[in-house]
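Asks: Structure below; questions to follow.
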Amino acid sequence: MGQYLAALYSQIYGLCLDVSLVEFCKPTSLCLTKIADACNKVHKIHEYVSASLLQQNSLEACALSLELSHLLENLKTRLFFIYHALLDNPTYFSKLHSSVGLCDLHKKLNVQFYNECGIEVNLTLINDIERFLSRLNCVFYCLSSSSALLALKEALTFLGQLRGISPVPRTDIYITSSSCLECVLETSVVPNQGETLNELLLNHNCHHLVERVPPEPIKGLFESELQNLGLKVHIATDTIEQSVGKHEAVLQESLAYLKAHTIFNNTPKQVLELSNLLYWNSGQNQPSDSGVKCSELSKIWSRENELQKYRPKLNNGEPPGHFFDLHSPQGTELLFCGGIFSSTHDTITALKQDCSNTFMKQTRLTGVAKRQNELFMRLSNILYGEEVPTKPKQTESALKTCDQSDASKNQVLQEAELRKEAYLNKLSKEGFRKLQACLSTHEEMLNSQLSLKIWGSVVYKQSATLLNHFLFRQSWVTQASLPPSVNGSPEQFENSKFIKSSLYVKSLSREYLSTLRLHFFALITGPLTTQEGLFPSPPNVQLAHCLEAAHFMPHQKMLLNEMIKPTMEPQDWICSNFNEFYTIHETDLNGVQYECWKYLRELVLSVALYNITWEKNLCIYRTDHSCPTACSSGIKEGLYVTYESHAPLILVYSNKKWIFKDLYALLYAHMQLANNGAHR
């Protein structure tokens with residue numbers, strides 16, 4: 001079934017790409033009949049598939065099914081809108097791309113936690129949805145599955161509005177400077193060099209919500225296409241010819257001289273020295289002469305204008321009338337969106353080259369760089385048979401020169417000239433190195449901001465994971481039943497009191513409490529950061545990722561760390577109330593969360609003490625790791641916590657599931673079942 005879903009997704013995704021391009025095409029170039037035919041086909045597919053997708057997402061969702069449902073709904077609506085816009089060609093673009101009116105890409109969610117604690121969440125960007133999912137992942141145990149599913153449904157509806165049909169998201173619905181949960185997970189595995197996670201993520205660019213497409217070289221691509229169509233294309237590479245420097249000519253002549261030499265020839269001394277000079281100086285970026293008279297950016301725009309002239313020839317002389325012809329970018333806008341025949345990567349590369357050329361035009365630094373390296377001078381001497389001038393022997397250091405009482409004025413001037421030349425040499429090296437580092441940094445920043453981006457799968461994966469968590473919780477409660485002894489009955493009260501009295505006189509060792517702390521951390525770690533596999537992270541690390549992604553406050557981390565202390569006794573965690581496990585009394589979210597911590601702490605410590613006292617092996621499991629089935633033979637026996645206030649605990653034993661509201665009544669029932677094999 002998954003293969004058919006993936007095949008349908010790929011076809012719908014490709015059709016969405018085509019339709020998103022149709023929105024910018026000249027209306028007279030489109031066939032109204034084909035648009036209507038495509039609209040009818042998509043409508044039939046939507047009718048046939050939507051019910052199955054809805055059922056799939058209500059049982060066990062996946063990122064593919066969630067995104068496919070959004071694409072189908074948006075594609076059906078958009079094609080219908082395009083068809084009606086084509087009926088009036090003059091207003092085609094204004095109907096499709098008009099920004100008149102109020103923006104509807106805003107959503108306000110009201111999330112209801114336990115005990116009627118409500119929180120309002122404002123959604124505007126894709127980042128807001130991801131942030132909401134990360135925070136819900138941190139407090140998943142503080143609300144019922146029905147409330148969570150209602151909030152997630154509204155968030156997914158808003159995500160569908162942002163998704164549209166184009167694989168390229170609008171630039172006003174996301175920001176890359178805000179980190180996501182995946183950024184936290186990736187940053188946590190690299191060396192931090194003593195810096196905190198917030199410091200490492202300070203200038204971080206996120207490429208998970210929207211993925212950056214690697215740039216492709218497109219220079220010469222359109223020229224080849226035009227030539228294949230039979231057009232004679234001649235594009236001047238430079239608006240103004242760039243003069244070839246003397247040094248460049250010598251270098252080319254040297255390479256031509258070496259071309260005639262093979263490994264079967266004897267190697268003369270001049271050839272060997274020439275080869276060595278070329279080899280050892282190949283890694284040095286020699287600054288070009290000031291012969292560059294045309295900027296690289298100007299060349300791009302000149303090429304753009306030249307290629308634009310060939311477009312009417314391909315359209316029988318008719319002027320082009322696509323959206324980008326009627327609303328073409330001008331001035332500085334070209335720097336941010338590029339042109340039809342050039343990409344933003346070409347623009348950024350040209351800007352970098354122009355900055356480098358401008359720097360190297362400075363007379364002093366260029367002159368110093370020329371004097372620094374004698375490569376071209378020596379190449380010329382070898383090629384033309386001249387003697388290589390030897391460098392005059394440098395004078396001794398300035399200190400020894402000054403100590404000599406008979407030092408002449410010429411020696412002092414020569415020493416000063418050598419020092420000046422060494423200083424300028426170092427200055428040019430350092431300046432050029434800093435320039436290249438600066439240009440590389442800004443090139444990466446511009447590529448991050450201006451490069452083409454497409455929709456990522458992170459938000460849909462996180463949505464599917466959280467949906468399944470709450471769907472499984474709901475299913476577990478639905479398929480479980482009440483025990484033979486009704487919850488809250490006098491019999492259960494006596495059973496609960498017996499277990500409590502027995503546990504009060506026992507205690508847990510300090511070493512065991514440290515181990516149980518990790519088990520407690522595992523129960524409050526959200527499903528988005530719960531790792532499974534051969535080498536999962538420890539529970540405390542997984543919880544740290546969960547809290548960092550939700551921007552948990554330091555004082556809250558302190559309270560959480562103090563929940564289980566090495567000196568705790570049973571009276572510190574056992575609640576005296578009967579049949580009120582996971583009953584929330586606080587009215588604010590922080591209070592609700594702290595009360596949930598206390599209940600889960602009581603669960604972990606009391607079950608551990610029960611296992612020691614009666615030599616049992618009752619294990620605690622979460623209900624979000626597996627979907628309950630009608631046949632429970634594949635489910636492990638043990639205690640399952642659902643985090644549902646009305647049915648928090650489920651005991652699975654002998655292929656049966658019983659709901660308990662009191663922890664100690666459940667422990668008594670498990671003891672009787674383990675001893676006698678029947679529930680008394």
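Each residue, glycine too, has its Cβ placed from N, Cα and C.
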Asks: Select from 93-121, 180-208, 412-440, 557-585 the stretch of residues annotated by Swiss-Prot as zinc finger.
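Replies: Checked against Swiss-Prot: zinc finger maps to 180-208.
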Asks: Taking each of the binding-site residues Asn611, Thr613, Asn617 in turn and counting other Cβ atoms within 10 Å of its Cβ, which one has the fewest?
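Replies: Across Asn611, Thr613, Asn617, these binding-site residues, the one with fewest Cβ atoms within 10 Å is Asn617.
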Asks: Provide the number of Cβ atoms within 10 Å of the Cβ of Ile612 (ATP binding site), excluding the reference atom itself.
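Replies: Summing over all protein chains shown, Ile612 (ATP binding site) has 15 other Cβ atoms within 10 Å.
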Asks: Specify the count of other C-beta atoms within 10 Å of the C-beta of Glu615 (ATP binding site).
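Replies: Other Cβ atoms found within 10 Å: 8.
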Asks: Can you give the mean pLDDT for the zinc finger (180-208), rounded to a whole number?
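Replies: Per the prediction, mean pLDDT sits at 86 for the zinc finger (180-208).
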